[in-house]
Amino acid sequence: MRTPIPDYLDELMRDCAGTRGGNVADYIPELSKVDPSLLSVAVCATNGHVYSVGDDTAKFTIQSMSKPFVYAAALEEHGLKRVLEVVDVEPSGEAFNELSLDDETGRPLNPMINAGAIAVNQLINGEESPVPERVDYILDFFSRFAGRELTINHTVADSELEHVDRNLSLAHMLRSYDVIQDDAQDAVRGYVEQCSIEVDVRDLAVMAATLANGGVQPVTGERIISASVARQVQAVMASAGMYDAAGRWMTTVGIPAKSGVSGGMLGTLPGQLGLATFSPPLDGKGNSVAGARIFRRLSQDMGLHLMATEPYGVQTVRSIREIDTFTVVRIQGHINFSAAERFLSQLTSHDIDTQCVAIDLARVSGFNSVGRRIVLEAMRRLAGDGRDVFVYDPDEVLPDPDLGDGTYPERMSDEKMLELQELHGNES
Ligand code: GLN
């Protein structure tokens, strides 16, 4: 059986491909050369499975999506107390490049706006670090998040450095308030190079999933940051990641996110997923138009709004057992997107060599709509592979299990399930 998740993503991407409006960033001249029709989506579950569709090998610079990760590096290196002396955690409600500091403390309001990010960059690799070593440190740190060696796009960095008055004025402002000590040119160079690290949409999804996974990179298994740092970073992304659109974003989409002027966008669902999109045309606030639309759809279709809580966290697949001519797959708990994804990944990695497959729902408490859709789709595909598909659903948690094509799995009776259980020897 082939997992249906890439098909969902493909459909979603095709639906959003016609999104009009927006302009490619041109204040960094090199960015204006990008093909505006590039489009890709990637999802990384916290079990390390990565799904992607579209132009998923297209490389682009990370830009402001670097900010949460450099903030994480600073927190790891210096601890929250020291980092809070340099940058606050309040949403600014202002544009990303606003010239603003807190009236009373003189600190930037948060690490997601440029003023805060430039200040945070100065903390990395020791506050006395020369710029090249600081940038190497950040590149190495990001590479561990991505699980592969990343590089800097120097053409984009040089292009930005030729048009960098705004960020230079921010650095001067930070110096005048003693938030940073570095020469303004050096401060901006370090920050701009951090923004010019090149990624693709899969890298971003895995990096985001590392935050969602409490700091453990889900593919390599390496712990990169502590769980408390991962929580801090995602909390700040939730309140300030989308700048002056942060409030509307959090209420409608409900996924902590960060965008970049290259057209990338990443999001985290704590405990569940990392998400990423790439589409270069931006709205007036510097967020990818198609990316935002895809995030909105993903949130609605897959029930990903952070505030729409549902009980989850138990092992989804309780057992997969061959009994007589049956493979019995017993699942449990509440089946939302990530539970359904775990079900799929275990089912697809299991070599089914019986004619009949029974999905045992006796321990399932309920489905949300995407969980239901995915499990039905899995059954449809099993039937398509020539299996006889049965469902054991004594509590009717999956009413009307139409497989989407007017066919239904066979209902397994209590007697039959009992018979199989007795053949196998009872399981508690
Ligand atoms: N390097 C860009 C800048 O400072 C990043 C901005 C962004 O992605 N929002 O202008």
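Placed from the backbone N, Cα and C atoms, the Cβ positions cover glycine too.
Those TrEMBL annotations? Automatic predictions, nothing curated.
Keep in mind it's a predicted model, so treat the numbers as computed, not measured.
Feature list (source: TrEMBL):
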BINDING   S64, N114, E160, N167, Y191, Y243, V261  substrate binding site
DOMAIN    316-391  domain 'STAS'
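Annotation note: V261 (substrate binding site) sits in a coil segment as assigned by DSSP. Among the binding-site residues N114, Y191, Y243, the residues whose Cβ lies under 6 Å from any atom of ligand 1 are, in sequence order, N114. Taken through DSSP, the domain 'STAS' (316-391) splits into 28 helix, 33 strand, 15 coil. The binding-site residues under consideration are Y191, Y243. Their Cβ neighbour counts within 10 Å are lowest for Y243.
Taking all protein chains in view, 23 other C-beta atoms sit within 10 angstroms of the C-beta of N167 (substrate binding site). In the predicted structure, the domain 'STAS' (316-391) carries a mean pLDDT of 93.
A sphere of 10 angstroms centred on the C-beta of N114 (substrate binding site) encloses 23 other C-beta atoms.
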